[in-house]
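S.K.: Got these off TrEMBL a minute ago, pasting:
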| type | residues | note |
| --- | --- | --- |
| COMPBIAS | 84-93 | compositional bias 'Low complexity' |
| COMPBIAS | 201-210 | compositional bias 'Low complexity' |
| COMPBIAS | 317-327 | compositional bias 'Low complexity' |
| COMPBIAS | 570-580 | compositional bias 'Low complexity' |
| DOMAIN | 582-618 | domain 'Gram-positive cocci surface proteins LPxTG' |
| REGION | 84-112 | region 'Disordered' |
| REGION | 201-226 | region 'Disordered' |
| REGION | 317-347 | region 'Disordered' |
| REGION | 435-463 | region 'Disordered' |
| REGION | 553-590 | region 'Disordered' |
| TRANSMEM | 592-611 | transmembrane segment |
Amino acid sequence: MISAQEKSYVKAGDVVHYDFVVTNTGNVTLTDVTVKETQFSGTGAKPTVTCPDAAKSLAPGANVTCTATYTVTQADVDAGKLTNAATATGTPPTGKPPVSPPSETEVPSPPNPAITVVKTAKEKSYAKAGDVVHYDFVVTNTGNVTLTKVTVTETHFSGTGTKPTLTCPDAAKALAPGANVTCTATYTVTQADVDAGKLTNAATATGTPPTGEPPVSPPSETDVPGSPNAAITVVKSVREKQFTGPGQVLHYDFVVTNTGTVTLADVTVDETQFSGAGTKPTITCPDAVKSMAPGDQVTCTATYTVTQADIDAGNVTNAATATGTPPTGEPPVSPPSQAEVPSPPNPAVTVVKTAEEKSYAKAGDVLHYDFAVTNTGNVTLADVTVNETQFSGTGAKPKIACPAAAKSMAPGAKVTCTATYTVTQADVDAGKVTNAATATGTPPSGPPPVSPPSETEVPGSRNPAITVVKTAEEKSYAKAGDVLHYDFAVTNTGNVTLADVTVTETAFSGTGAKPTVTCPDAAKSLAPGATVTCTAGYEVTQADVDAGRVTNAATATGTPPTGEPPVSPPSAAEVPSAGGHLPPTGDSTSTGALAAAAVLVAAGGGMVLIARRRRRER
């Protein structure tokens with residue numbers, strides 16, 4: 001009878017101890033008793049049966065125990081049992097050796113298929129889309145039976161890209177207990193994975209045991225964190241190179257780029273500094289800013305309408321930053337980007353000077369001047385003033401008064417400054433008053449502009465005129481040798497000064513030496529309305545006494561500032577002879593009356609002569 005000491009075996013290398021109890025059931029002694037394995041399922045080295053010395057001669061009814069050992073192979077474990085059968089024989093004294101019926105024994109091996117997997121990633125982290133993560137799956141047969149067709153299955157994977165395909169080496173086709181094999185897989189990171197911040201996956205391993213249900217390993221999980229870098233930039237630019245006038249529109253572009261590794265949502269651009277004096281620009285972004293992947297670029301825009309204050313400032317400067325919302329963490333803010341648009345200042349001013357009066361006629365007339373000042377530049381001018389640069393008037397120089405609006409004049413604005421001037425006689429004599437003026441003002445920066453001069457001329461209406469009234473101091477004369485004294489009252493009846501006034505005898509009936517007219521120094525310059533008396537003396541001749549009278553006429557003249565000298569109408573004076581005859585008048589006056597009149601005239605003449613002599617004697 002065969003039996004095994006072990007009730008079972010569990011793994012390769014276990015040793016099974018067999019006992020073969022041989023009994024001589026015959027009536028003769030058997031010698032050289034042996035045991036022979038007739039059937040053995042083991043895959044290892046067949047057991048060698050050893051019998052003790054007693055087997056050399058076994059008496060009837062006696063028994064002996066032979067033994068054998070067997071070292072289990074993995075195939076035996078996989079087979080699940082060891083079966084073997086043996087027969088015994090011995091040599092009788094005579095005849096054929098008897099052979100026992102076979103005795104069989106079976107030692108079972110309870111199967112325990114088991115497997116584990118440990119998943120790892122070679123990369124500690126990933127940074128951007130396109131990075132490749134390399135996974136290792138170390139599969140170990142932790143059971144006691146060989147597993148065939150070992151595979152690894154992803155049971156959970158957070159990646160949004162193509163799921164990894166696992167590859168196992170040929171050794172996975174049959175994995176002995178305790179053996180391990182490394183399967184591998186790769187995965188290409190997507191942007192969504194970067195945004196998620198990590199890749200999580202889990203895997204299980206399985207294999208086919210010789211019998212029974214395939215074991216499934218506990219899941220093995222690994223996380224690969226992303227190294228997110230939320231970053232953004234903005235580049236601000238303006239399409240216009242400069243601006244020159246209020247109302248001009250500036251067009252701004254804001255080129256926003258996601259320079260990080262994660263998607264940014266709700267990207268916005270903010271003005272952080274703006275020097276414009278008008279309404280701050282409103283920035284408009286396209287729909288693409290709602291979700292910007294790394295490397296994406298969008299252009300936001302804004303417009304701004306220039307004000308006069310911006311032109312006065314000389315430029316419009318502004319800066320902007322961009323931001324967006326990352327999947328996690330604080331929103332990144334870009335460095336500021338600045339754009340400056342210059343406004344080349346062009347301060348300029350003009351003045352147009354006019355006089356309200358078309359002319360003037362005399363000293364004391366008042367001229368009213370208007371100075372129309374216009375800001376013809378592109379910047380505001382402060383403290384605008386008008387200056388006389390040339391003035392021909394001889395009186396007090398006009399004082400120019402400007403309205404309050406001249407304190408600050410916007411481009412295109414106009415103000416009218418005014419001044420008055422009182423004409424002098426010298427201005428009348430000059431025939432015109434000429435003056436020129438320039439305007440200036442203070443710009444926001446740079447030197448003040450000065451306008452071209454504007455000149456106006458007001459002509460005088462010159463009217464040179466003169467009169468002379470000639471009189472004789474004597475009422476008559478009586479004899480040759482009498483002296484007649486003439487006075488010439490010369491008056492400047494025009495509106496200009498006359499120089500070198502002279503009196504000229506134009507008709508003289510006297511037969512003696514023609515009188516020489518003498519004028520005082522005042523005649524060298526005779527103002528309008530002024531009178532000067534020139535004088536002359538004449539000594540009567542006998543012929544004059546015989547003629548009965550001396551008649552003469554004179555005119556006056558003088559030199560005006562310009563033009564022809566005026567000549568007065570002639571003024572005549574007649575001095576009768578005291579013994580002469582008065583011309584008949586057609587009156588029937590008696591001869592006595594005429595004689596009496598003659599006596600009175602003579603007497604009067606004598607009194608005049610006496611008075612003149614006395615005056616001269618004094």
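Placement of Cβ uses the backbone N, Cα and C atoms for every residue, glycine included.
TrEMBL labels come from automatic prediction, so no person has curated them.
Since the structure is predicted, the reported quantities are computational estimates derived from the model, not experimental observations.
I'd like to know what surrounds each of these features in this structure.
M.R.: Sequence-distant contacts of the compositional bias 'Low complexity' (84-93) (same chain, six or more residues past either end, CB-CB distance under 8 Å): 2, 18, 20, 22, 24, 26, 28-42, 47, 49, 55, 58, 99-105.
Long-range neighbours of the region 'Disordered' (201-226) within the same chain, counting only residues 6 or more positions beyond its ends whose Cβ lies under 8 Å from a Cβ of the stretch, are 78-80, 111, 113-121, 123-127, 133, 135, 137, 139, 141, 143, 145-159, 164, 166, 172, 175, 189, 193-194, 261-262.
Taken through DSSP, the region 'Disordered' (317-347) splits into 0 helix, 16 strand, 15 coil.
DSSP labels the residues of the region 'Disordered' (435-463) in these numbers: 0 helix, 16 strand, 13 coil.
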S.K.: I'm checking region-level scores; what's the whole-number mean pLDDT for the domain 'Gram-positive cocci surface proteins LPxTG' (582-618)?
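M.R.: That region's mean pLDDT is 33.
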S.K.: Quick test of the contact rule: Cβ under 8 Å, at least six residues beyond the ends. What residues does that give for the region 'Disordered' (435-463)?
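M.R.: Apart from its flanks, the region 'Disordered' (435-463) reaches 312-314, 345, 347-355, 357-361, 367, 369, 371, 373, 375, 377, 379-393, 398, 400, 406, 409, 423, 427-429, 494-496, 560-563.
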S.K.: May I have the DSSP-based helix, strand and coil counts for the residues of the compositional bias 'Low complexity' (570-580)?
M.R.: 0 helix, 7 strand, 4 coil
S.K.: Are there residues at least six beyond either end of the compositional bias 'Low complexity' (570-580) with Cβ under 8 Å to its Cβ atoms? List them, or say none.
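M.R.: Cβ under 8 Å, 6 or more out: 467-472, 474-478, 484, 486, 488, 506-507, 540, 544-545, 547-555, 598, 601-602, 605.
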